[in-house]
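Participant: I am attaching a structure below and will ask some questions about it afterwards.
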Amino acid sequence: MQQYSILVLHGPNLNLLGKREPNIYGSVTLDEINLLLSEEAKNLDVTVTCVQSNHEGILIDTIHQAWGLHQGIIINAGAYTHTSVAIRDALSAVKIPTVEVHLSNIYQRETFRHHSYIAPVAIGQISGFGVGSYRLGLLAIVEYLRKLENNH
């Protein structure tokens, strides 16, 4: 069985987790999320590389660089979820299976958050489970990749 490498992308303002609107996003920091993902990755015998940026171009460049390096992507694009055709196009271009995750349930929030440019190019979307959304996203992408491998 192949050992997969998963890129985890955190978008704008996620560096403020634990401080920013804890009533919506919880009190867990981004470093704690990354640690949780690293521990879960070990249990699944995969590796994760976590990148956070507040800049759309850096996120796009990181997606481009993932081509041939990572077999899966987990992305929480933050507010770019609802605005960035460029991130959507980058994900579509590299054709790496992607799971979109959100800490909060974006469909229970403001109407402008109900639309995702990423969802149509992702294999799935997980939202509303707090930190668990990331863990579920990792489990989902690994299961997807293993099924894909077994079918070939």
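Backbone N, Cα and C define each Cβ position, glycine as well.
Keep in mind that this is a model prediction, so the values were computed, not measured.
Feature table excerpt (Swiss-Prot):
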- R20: site 'Transition state stabilizer' (SITE)
- Y25: active site, proton acceptor (ACT_SITE)
- N76, H82, D89, L103, S104, R113: substrate binding site (BINDING)
- H102: active site, proton donor (ACT_SITE)
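What does the local environment look like for each feature on the list?
Facilitator: Sequence-distant neighbours of R20 (site 'Transition state stabilizer'): residues of the same chain at least 6 apart with a C-beta under 8 Å from its C-beta are N13.
Annotation for N76 (substrate binding site): spatial neighbours L9, H10, G11, L14, E100, V101, H102, L103, S133, Y134, criterion Cβ-Cβ under 8 Å with sequence separation of six or more.
H102 (active site, proton donor) falls within a strand segment according to DSSP. Note on H102 (active site, proton donor): other Cβ atoms within 10 Å of its Cβ, all shown chains, come to 25.
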Participant: Highest CB neighbour count within 10 A among the binding-site residues H82, D89, L103, S104?
Facilitator: L103
Participant: Can you check what DSSP calls N76 (substrate binding site), collapsed to helix, strand or coil?
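Facilitator: Looking at the DSSP assignment, N76 (substrate binding site) belongs to a strand.
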